[in-house]
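I have a structure here, written as structure tokens, and I will follow up with some questions on it.
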Amino acid sequence: MTSYIERLKSAASYLDTVPDEHHDFRKPTAKVVTTQLTIATSLGIFALLSFSILLKKWPRLYASRRYKDDGNLRLPSWNQSSLFGWLTVLYKIRDEQILEYAGLDAYVFLSFFKMCIKLLSIFCFFSVCVISPVRYHFTGKIDDGNDDDDSESSLIHLVKRIVEGSGDGDNHSAPERTNVYLWMYVLFTYFFTFIAIKMAVAETKHVVSTRQAYLGKQNTITDRTIRLSGIPIELRDSEALKTRIEQLKIGTVSSITICREWGPLNKLFHCRKKILKNLELKYSECPRELRTRQPYSENYHLLGNEQSGAVTHGENVPSSNNNDEDTILYSQISLGERPKMKIGYRGIFGKEVDAIEYLEQQLKFIDAEIIEARKQHYSATPTAFVTMDSVANAQMAAQAVLDPRVHYFITRLAPAPHDIKWDHVCLSRKDRLTKVYSTTVFIGLSSLFLVIPVSYLATLLNLKTLSKFWPSVGQLLKDHQWAANIVTGLLPTYLFTLLNFGIPYFYEYLTSYQGLVSYSEEEISLVSKNFFYIFVNLFLVFTLAGTASNYWAYLSDTTKIAYQLATSVKEFSLFYVDLIILQGIGMFPFKLLLVGSLIGFPLVKIKAKTPRQRNELYNPPIFNFGLQLPQPILILIITLIYSVMSTKILTSGLAYFIIGFYVYKYQLIFATDHLPHSTGKVWPLIFRRIIVGLLLFQLTMTGTLAGFEGGWVLSSCLFPLPVVTLCFLYDFEKNYLPLSKYIALSSIREYERDNSTVNSANEEESYAYPYAVSELEGPMLD
């Protein structure tokens, strides 16, 4: 009896300690997760309803590709009177139609989401049916993490302490002994790793085969062209370069464009574009009947003629003199209603002149300058676009080593003509390298600088630290539990959502000045930059939540890394549940609203005064993988890391990818354009980051198992996994990567035999420098 009373006292003393614990933001209660789910669901439903209503009202804004369609795509339609009719149509669109409607890049992007849905569905099944029940049987916890801070889990601990007789307080802090159920962790770490690798490899084979079949049918000028860099000075001439390439017996050259330092011509065209835009605006402000002086041009110029001519004309026709004077007077009055402008500094100072006449003179002047500039000689750069006579010859040339010297005659497949950034192509080698390295260094320094606010944010959101800096706020949170839950449970996810909203656009801006020669190269580079930022800042820095001294300590003693990572991961489990719920259920549906276009549309519509601006008003927004892809990859990595430990994160991640798949599917097919010509080359970036996620998963599980008494035996069982994982990465780099970059000759020859190669609708494109050959168009008037 005394023993039983002692157990009750011990359990009561344990319960007394629960309410007094400071609620760390890394350990939000399950009630906070429920609140987050309610908020996110409400936001998601609101966004879905709003989009469905706005789609009916403004179909040209939210389904702009249907109206831009020239008849070749034949995008599916739905009943406009139905509020949710678009959902059924979207669901029925097959993979082959995605490839037809949105292109190869969109197909690869959505294939990644489909793979994640299949993978997490398998993980969720085993987690719900096997892992969680076994773990609950042995520990009384559904998930392995600090998710037991609410009253329900406290009751579970109370019962276990009474039944097991663990009244000694020392046992609460002692290392947990190794249990039989921990071998389940080892088993499922192996199982989940091999399932993930198997599905990633299977999806790689699928993407590669689809890419080979899709691109093997193409016979466009883009598919026949290579970009040649490192051209020696003596060969920077079209005829000499053509002769040298054909001497190598790799095919016949159809055409060559030597890139030159056309910088002055670029500046003239940029200036002309501004003048043309201002001229069209002034025409739009002018009454239609006064836009041209043609009816009064003769009389208008008479004002500047010699009086003798006018007198002579008047002597012969005296009856018309009064009519001419009336016409001149009318012309002066009418022309006074035309728009005026000052030609001084920024249009504020200087003489006031007729705006249309002045801008037309400026346009004629700069056109003359451009015509003259086109005749000038410009120094050749070491880059050229070489169009071969066949796709097969272009593929062989792109994969061949043409010169024994280093950095000479380097071949790559050429981007599409519309994908080229000619301002960067025209740069000299010195200027381009300066841009590349200076921008890279600046981005690296910016990334390091951003570690500081993130780490401080992670520290300051701790209730103890808040009390130290703001005692009144800390006391308020201690007195009001609901406020503490909001600040330490919900606030971090929203702050990080805001913090990670603007930084990717900042990196996009910096990348545009990096000197890359095509938009597709910028896009792929942006994927790497943004993923590095959110992975380092949102995951590593925020999870470890320490200062620079902590990181150096981890590096000095590498044995601490796995254990510290496992400990931090456990503490952050419900934080990541909150984050994934908010991003997936709450924020994803808002992407359908195209908030930027929605907010800016009324303003842009008001400012759209010229026919050119009105034509561009309903142009679809540009879909940039560099902005959209990094976060889903990070969410997949987080779910992989927690796959054995947290059923909540697995189910949240599954919901994230299901919602994301249909949101992006709609955007890529109906609402946005993807202009860069990257031909599915984003898949290698995805595969490598899946491998990184698996390695972190294995490292975390090693640290988790090592934390138990005698856990070194279990941890040592996982040592082969990283080696096996890296072997699959090596196999991918050696065998699959070339097929992700190039087209196999057998794929090309197969479709050549079938006579089914596709001559693209863009055959009018060429690699001629556009500013050297394009027409000098006049203002567009309505």
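Placement of Cβ uses the backbone N, Cα and C atoms for every residue, glycine included.
This is the feature table in Swiss-Prot:
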type     : residues : note
TOPO_DOM : 1-34     : topological domain 'Extracellular'
TRANSMEM : 35-55    : transmembrane segment
TOPO_DOM : 56-116   : topological domain 'Cytoplasmic'
TRANSMEM : 117-139  : transmembrane segment
TOPO_DOM : 140-181  : topological domain 'Extracellular'
CARBOHYD : Asn171   : N-linked glycosylation site
TRANSMEM : 182-202  : transmembrane segment
TOPO_DOM : 203-440  : topological domain 'Cytoplasmic'
TRANSMEM : 441-461  : transmembrane segment
TOPO_DOM : 462-485  : topological domain 'Extracellular'
TRANSMEM : 486-506  : transmembrane segment
TOPO_DOM : 507-530  : topological domain 'Cytoplasmic'
TRANSMEM : 531-551  : transmembrane segment
TOPO_DOM : 552-578  : topological domain 'Extracellular'
TRANSMEM : 579-599  : transmembrane segment
TOPO_DOM : 600-621  : topological domain 'Cytoplasmic'
TRANSMEM : 622-642  : transmembrane segment
TOPO_DOM : 643-648  : topological domain 'Extracellular'
TRANSMEM : 649-669  : transmembrane segment
TOPO_DOM : 670-681  : topological domain 'Cytoplasmic'
TRANSMEM : 682-702  : transmembrane segment
TOPO_DOM : 703-709  : topological domain 'Extracellular'
TRANSMEM : 710-730  : transmembrane segment
TOPO_DOM : 731-782  : topological domain 'Cytoplasmic'
Average pLDDT across the topological domain 'Cytoplasmic' (507-530)?
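A mean pLDDT of 91 is what the model gives the topological domain 'Cytoplasmic' (507-530).
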Could you give me the DSSP helix, strand and coil counts for the topological domain 'Extracellular' (703-709)?
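Result for the topological domain 'Extracellular' (703-709), in helix, strand, coil order: 4 helix, 1 strand, 2 coil.
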Count, for each of 117-139, 486-506, 579-599, 622-642, 710-730, the Cβ pairs lying under 8 Å from the transmembrane segment (649-669), and report the range with the highest count.
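Between the stretches 117-139, 486-506, 579-599, 622-642, 710-730, 579-599 has the largest tally.
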Please figure out which one of 35-55, 182-202, 486-506, 710-730 racks up the most CB pairs under 8 Å against the transmembrane segment (622-642).
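The listed stretch sharing the most Cβ pairs with the transmembrane segment (622-642) is 486-506.
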Using DSSP, what's the helix, strand and coil tally for the topological domain 'Extracellular' (643-648)?
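So the counts come to 2 helix, 0 strand, 4 coil.
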What are the DSSP helix, strand and coil residue counts for the topological domain 'Cytoplasmic' (56-116)?
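Summed over the topological domain 'Cytoplasmic' (56-116), the classes give 40 helix, 0 strand, 21 coil.
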In the same chain, who gets a Cβ under 8 Å from the topological domain 'Cytoplasmic' (600-621) while lying at least 6 residues past its ends?
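For the topological domain 'Cytoplasmic' (600-621), the nonlocal Cβ contacts are 58, 60-61, 64-65, 67-68, 277, 280-281, 283-285, 594, 671-673, 780-782.
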Any residues 6+ beyond the ends of the topological domain 'Extracellular' (643-648) with a Cβ under 8 Å from its own?
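Apart from its flanks, the topological domain 'Extracellular' (643-648) reaches 33, 123-124, 127-128, 131-132, 142-145, 147, 185, 188-189, 192, 569-570, 573-574, 577, 697, 701, 704.
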Which sequence-distant residues neighbour the topological domain 'Cytoplasmic' (670-681)? Criterion: at least 6 residues beyond either end, Cβ under 8 Å.
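That would be 62-66, 75, 86, 102-108, 207, 210-211, 215, 222, 415-416, 418-419, 518-520, 522-524, 592, 594, 619-623, 625, 740-741.
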Please list, for the topological domain 'Cytoplasmic' (600-621), how many residues fall into helix, strand and coil according to DSSP.
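DSSP classes over the topological domain 'Cytoplasmic' (600-621) add up to 14 helix, 0 strand, 8 coil.
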Helix, strand, coil residue numbers for the topological domain 'Cytoplasmic' (507-530) per DSSP?
17 helix, 1 strand, 6 coil
Counting only residues 6 or more past its boundaries, what in the same chain has a CB within less than 8 Å of a CB in the topological domain 'Cytoplasmic' (507-530)?
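Sequence-distant neighbours of the topological domain 'Cytoplasmic' (507-530): 227, 383, 415, 419-421, 424-425, 427, 431-436, 439-440, 442-443, 446, 624-627, 629-630, 675-678, 681-682, 685.
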